[in-house]
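Undergrad: Dropping the structure in here first, questions after.
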Ligand code: RIB
């Protein structure tokens, strides 16, 4: 893979996926073999990387997106949407003969299912830019894992990994993570454990500590409507989601969390303050349809963050 030695002075660099999301809304999920009629169909820009970059930029960070899209109309649409969110897209490559990634999303009540056809996200032809001047490098796992590993090695600022979609993480990558962000299922998979119940706080803390023992400095577990738990070697902190009027679409809420968390770390906030901002962002994101639909409201985060309480938990079960 050729190496592009470009200097990056942006404070948050997001290296990850870009998709076009095709979302159908249904009353309930179909059973295998069953056909149902959807009440609506929308297409919008998504992808965990693009969502996180947009969320970070909408909350005020200077953001460079490093990604691969196809040389097609969908790739152009994604670039335009990211630019309108304030993201520097100069690190997004157009891959000839590849299709822009696509996601097929079913939203039923407050839950969703997502299938991704990665397209260009798995056909990168470019190397990574120099990451020497970035404050935070933020990755997810919708691009080839070796690229994420290279980014972790090259990052000079904090390396934040959102381990989604989940895989069993190897110790070398874990050791390079300043912060690992997971939901309860990804927590279990990353730790190599049977599923963890988000309501079982002590089990979440124990699984986080097992990952810290393997090398990561901090683990943040998002707990849906309950908030999120942060564990480090010395502290356990829980930030509780403020009352949320109605969950319209939870797609992209985890990405809002990750993007805003990275943005606040780049701004110099403590882990605890970044956690409260991120939980607040997640609670705003679920009030709007589509992944990035609620991100414009992130300009209001500094006024709303005080509604997100944090609770210090006992450090050990
Ligand atoms: O996290 C939500 C995202 O996952 C969607 O935007 C979809 O593209 C998939 O990548």
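Glycine is treated like the rest: Cβ placed from N, Cα and C.
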Undergrad: According to TrEMBL, 19, 20, 21, 47, 48, 49, 50, 51, 142 bind substrate; which of 255, 269, 303 is also listed for that site?
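TA: Substrate site check in TrEMBL: besides 19, 20, 21, 47, 48, 49, 50, 51, 142, the record includes 255 out of 255, 269, 303.
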Undergrad: Around the C-beta of residue 285 (K(+) binding site), how many further C-beta atoms are within 10 angstroms, looking at every protein chain?
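TA: Taking every protein chain into account, the count is 32.
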Undergrad: Which residues, sitting 6 or more apart from residue 21 (substrate binding site) on the same chain, put a CB under 8 Å from its CB?
TA: 42, 43, 44, 45, 46, 47, 102, 103, 105, 251, 290, 291
Undergrad: Tell me the coarse DSSP state (helix, strand, coil) of residue 48 (substrate binding site).
TA: helix
Undergrad: Going by C-alpha positions, which of the binding-site residues (183, 227, 255, 285, 288) is nearest residue 48 (substrate binding site)?
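TA: In terms of Cα distance, residue 48 (substrate binding site) lies closest to 255.
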Undergrad: Taking residue 285 (K(+) binding site) as the reference, which of 142, 223, 255 (the binding-site residues) have a CA within 10 A of its CA?
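TA: Among 142, 223, 255, the ones whose Cα sits within 10 Å of that of residue 285 (K(+) binding site) are 255.
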Undergrad: Filtering 21, 223, 288 (binding-site residues) by proximity to ligand 1: which pass a Cβ cutoff of under 6 Å to any of its atoms?
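TA: The ones that qualify, in sequence order, are 21.
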